[in-house]
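S.K.: According to Swiss-Prot, the protein has these features:
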- ASP92: active site, proton donor/acceptor (ACT_SITE)
- LYS158: active site, schiff-base intermediate with acetaldehyde (ACT_SITE)
- LYS188: active site, proton donor/acceptor (ACT_SITE)
Amino acid sequence: MTPTRAQLAAFVDHTLLKPEATAADVAALVTEAAELGVYAVCVSPPMVPAAVQAGAGVRVASVAGFPSGKHVSAVKAHEAALAVASGAAEIDMVIDVGAALAGDLDGVRADIAAVRGAVGGAVLKVIVESSALLALADEHTLVRVCRAAEDAGADFVKTSTGFHPSGGASVRAVALMAEAVGGRLGVKASGGIRTAADALAMLDAGATRLGLSGTRAVLDGLG
């Protein structure tokens, strides 16, 4: 059954992570988010105060180690903690994809655990860059990384930053990730979801949250 506009909006993190974003852009994002009825907005750590100050009762998410994941774990943890202290209720962190490809799952777990320990009760989503793992390794690697995220205390696994050259979310990746975590964690599909059909396909594959930058266009596409 096709969700209503309001039902689809409730899955959405309305996202603005472009480096050129200003405080005014973030305020406009929050206003639009309130109008559309989305679940949350997602902004970079320096923009969290602007999102909170914009008010409207909109939940705020932020990121850590974004977009490369090539940060010392302590730096990711501190960045995440600062975002939470500024008012973020959720953190989307990026793993070290190179460590995952090298089979260093202990390192991946430790990296995630460092951020988990720094954010208290905030929701922690772990970005695994699923397209990169599938292109440069295999399905088993993606599954193992998702299970490592679960072991380390993640609340969600997330497909993509949307900035990696390998691409964004895919139905195949979402289905694999949903199977890997078996309903114990949420699955966020993000990156390249531009139409209502894209969004519905991700939900059908097992996504429980959607990261969208063109939210209005997606919702309008429901007809």
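Glycine too: its Cβ is placed from the backbone N, Cα and C atoms.
What you are looking at is a predicted structure, and each value in this text was computed from that prediction instead of being measured.
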S.K.: Test of understanding: give the count of other CB atoms lying within 10 angstroms of the CB of LYS158 (active site, schiff-base intermediate with acetaldehyde).
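M.R.: Around the Cβ of LYS158 (active site, schiff-base intermediate with acetaldehyde), 29 other Cβ atoms lie within 10 Å.
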S.K.: How many other Cβ atoms are found within 10 Å of the Cβ atom of LYS188 (active site, proton donor/acceptor), counting all protein chains shown?
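M.R.: That number is 29.
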S.K.: Return the count of C-beta atoms lying within 10 angstroms of the C-beta of ASP92 (active site, proton donor/acceptor), excluding that atom itself.
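M.R.: ASP92 (active site, proton donor/acceptor): 28 neighbouring Cβ atoms within 10 Å.
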S.K.: Give the distance between the Cα atoms of ASP92 (active site, proton donor/acceptor) and the residue listed as 'active site, schiff-base intermediate with acetaldehyde', rounded to the nearest whole Å.
M.R.: 8
S.K.: Given LYS188 (active site, proton donor/acceptor) and the residue listed as 'active site, schiff-base intermediate with acetaldehyde', what distance in Å do their CA atoms have, once rounded to a whole number?
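M.R.: LYS188 (active site, proton donor/acceptor) and the residue listed as 'active site, schiff-base intermediate with acetaldehyde' have their Cα atoms 4 Å apart.
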